[in-house]
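Asker: The following block contains the structure, expressed as structure tokens.
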């Protein structure tokens, strides 16, 4: 046990050294950041989750929203939240897994949410979900969105090439005063005003970086500053400018790389890193500080 702790501290020390290795990174230590969406329960990194959480915290990432995506991993997210004050749990059913859901999935989800008042509700919607019936996706999506609204919790949504359908559903069920987080947002600038009016926040990740810079800039600048969030979507969406690498697999992402997302999005907005860090952190506090959350209500 002592050996394991020493190894953990060694990696944390390395992480801190990475941060302070230049004047720019020294300044970044004073910034508070919030990773608004990731999946540390993913089998590729779950055995390193403790280490990655400690690295992120040492790098100034105060909170990490960890999103469960299937009935089989909700317990892992809950355990992570119980162990770490910085982990904000999200529970939901990803569209890739709707066809494998149990008959009691919704009751289980509702009970889990109600028994864990610090939990937000995570869900995704995508017509490109590996051939999964889109009608079934919509049915599951609506039930979770209605649950989020009824319990006054924010909902985390991933929408790919389905913004007309998303808007229609949100208009039917909304508005959402508790917030809807459009994670890894890459939608058209034209949909931003309507989504904002319904209560949406727009979270940017490394998925934005492969886009042409002009297109990425137009998307980001269409979003009101008070609705911008930053995330890693780890272990996926490794930024093109990563600062941190997952030990043993340099292709995987981790929450500490929200610093990389910050640098890129700030450059698109012509803001300093410090300005955007403050804006995005306070936006995340606002949307995640619902009644019963780990984050104190402002």
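From the backbone N, Cα and C atoms, a Cβ is placed for every residue, glycine too.
According to TrEMBL, the protein has these features:
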type	residues	note
BINDING	37, 39, 233	divalent metal cation 1 binding site
BINDING	158, 183	divalent metal cation 2 binding site
Asker: Other residues with Cβ within 8 Å of the Cβ centroid of 37, 39, 233 at the divalent metal cation 1 site?
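Answerer: Not counting the recorded site residues, we get 38, 65, 67, 183, 184, 205, 231, 232, 234, 236, 237.
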Asker: Round to a whole number and give the Cα-to-Cα distance in Å for the pair residue 39 (divalent metal cation 1 binding site) and residue 158 (divalent metal cation 2 binding site).
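Answerer: Between the Cα atoms of residue 39 (divalent metal cation 1 binding site) and residue 158 (divalent metal cation 2 binding site), the distance comes to 13 Å.
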Asker: Rounded to a whole angstrom, what is the C-alpha distance between residue 37 (divalent metal cation 1 binding site) and residue 183 (divalent metal cation 2 binding site)?
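Answerer: The separation of the Cα atoms works out to 7 Å.
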Asker: Taking the Cα atoms as reference points, how far is residue 183 (divalent metal cation 2 binding site) from residue 233 (divalent metal cation 1 binding site) in Å?
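Answerer: Pair distance, Cα basis, whole Å: 8 Å.
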Asker: Taking 10 A as the limit, how many CB atoms besides its own sit near the CB of residue 158 (divalent metal cation 2 binding site)?
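Answerer: Here the count is 24.
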Asker: Whole-number Å only: compute the distance from the Cα of residue 158 (divalent metal cation 2 binding site) to the Cα of residue 233 (divalent metal cation 1 binding site).
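Answerer: That separation, Cα to Cα, works out to 11 Å.
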